[in-house]
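Just below is one structure, and these are the notes that go with it.
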Amino acid sequence: MRNVLRWQAKLDRAALRLGHVGSFCCAFLFFPVARGSSLLPLIGLTSEASIKYHVWLGNLVMLFFTAHGLCYIVFWASTDQIHEMLKWTRTKVANVPGELALLSGLVMWVTALPRVRRQMFELFFYAHHLYALFLVLFALHVGVAFFCSILPGVFLFMVDRYLRFLQSRVRVRLVSARLLACDAVELNFCKSPHLTHSPMSTVFINVPCVSRLQWHPFTVTSSSSLEPDRLSVVVKRAGRWTEKLYETISSLPPSQPGHLDVSVEGPYSQATPASFLQYDSLVMISGGGGITPFISVIRELVHRSGTAAEAATPSLLLIAVFKTSADLAMLDLIVPASGGFSDISRLELRIEAFVTRESVPSAGDVVAIAHKVPAEEVLFKPSPSHAPIAPVLGHNGWLWLAAVVSSSFFIFLLLVGAVQRLYIYPVDGNSNRVYPWAARTLLNLLLLCVGIAVAASAAVLWNKRRRAEEAKQVENVATPASSPATWLDKPRRGDAEVGRRPDLRSTMHRSILFSFWVELVLLPLKSA
């Protein structure tokens, strides 16, 4: 290189090394966002807990890639080679796609800033779909050989993303909806008994009549142990999407079954029962709709308390804070729509409810307000096109996933070898100087997608045959004839206080005494 000063040569080497470090970080970027990956549970991570690692890696990737691009721009400007920015060589590193990849990455980076993401989440969500363009441009920039350094994470993410796409194309069977007095609705879906999930799991729901593009996450309130054929979520009216969904369901006549197309993706487990069974007592504090994760925990413990083989369940203290007395209806969700209160009576459960935005009425007024609008049950008629929520790869999903990953990669290698030998080699030989890098890269990416699509689609179709028998039984799923009695009608296992906030310090002291009382008094009585 002519007339290059020493600092300019160092800047050139630094820019190259910054790009290599950024690529090294990019190699791990996609592992945390593969929701259905079997690698995350091996290291004790859930799909939700691993997001923070994706954020950290994304910041590092963009930091190094931005520094990489700026260093090269300064180098070219200082050596009178600014025209290199518009250079797209046939068989070497192409600068134009690298610059475009950096621009698309910067758009994702800026829209992912916490302040922007919280205030304009849809902008963040749709802008993040530029990852596909970023990957293609990055591959065109460095070539297919160097792109293989980040291929493992990208490959597993693509397999997971395609499987989630196939699952989201299925219309699931909505059995019933329970409308509560607090402008919330409980959706009860038909579920395959083979689909098990842990408490506090998450599902993504799409309702085409509300919005064809929007997918919203909701916490599963049901327990797969207590309700093997049901999956329930609670939707609180708190935005345009939820408001339209609530109005759509509430407008259906309760006298005759309605019809609603719904697609579900998931569930994705967030915790294991062992994570909260190791304690003697649990104190759960929630505000408003934040009570939903604890409902699944309580229902799971209801099942375990009725199983003789299970160990003793911990004592529970639920502190629920609501804005209005009508929100007390959320406590009705503790009792499953298909179960009775006698099951939950086996738990050492105490509920303390607080209403913060109303004056103090009498106890009778609290009951009257909470029952102003009784829970209403809306039933849905079965459709031949609707299927129960089921694992996309069947009962042994981890085994099928391993088969899909290995077979799709084998198909990819087989196709690449055939194309290389029959199509590229006669033109280029082994020189890598004739056949364009861009065409070779795009061809390899296409073959990668073909391999994933063939293997994953074959596995899903094979398992779909097994689910056909379950789909035939959809019409036989029993629907609840009436809503279960509300929490305030039950034998009092707690208090509802209106007009004040909870004193958490004194509550924690009382919870400690409560756990001692359970351990010293109730457990010896049960064993006797």
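Note that Cβ sites are derived from N, Cα and C of the backbone, with glycine treated the same way.
TrEMBL does not curate its annotations; it predicts them automatically.
Noted in TrEMBL for the protein shown:
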- 489-500: compositional bias 'Basic and acidic residues' (COMPBIAS)
- 167-274: domain 'FAD-binding FR-type' (DOMAIN)
- 481-500: region 'Disordered' (REGION)
- 21-43: transmembrane segment (TRANSMEM)
- 55-75: transmembrane segment (TRANSMEM)
- 96-113: transmembrane segment (TRANSMEM)
- 133-159: transmembrane segment (TRANSMEM)
- 398-423: transmembrane segment (TRANSMEM)
- 443-462: transmembrane segment (TRANSMEM)
Number of helical, extended and coil residues in the domain 'FAD-binding FR-type' (167-274), per DSSP: 14 helix, 41 strand, 53 coil
Surrounding residues of the transmembrane segment (398-423) on its own chain - C-beta under 8 Å, 6+ positions past either end: 36, 38, 155-156, 159, 163, 443-444, 447-448, 450-452, 454-456, 459, 463
Beyond the flanks of the transmembrane segment (133-159) by at least 6 residues, Cβ under 8 Å: 23-24, 26-31, 33-34, 37, 39, 93-95, 97-98, 100-101, 104-105, 108, 401, 404-405, 408-409, 437-438, 440-442, 444-445, 448-449, 452, 456
Cβ-Cβ under 8 Å with the transmembrane segment (443-462): same-chain residues at least 6 beyond its ends: 136, 139, 144, 155, 158-159, 162-163, 166, 392-393, 400, 403-404, 407-412, 415-416, 419
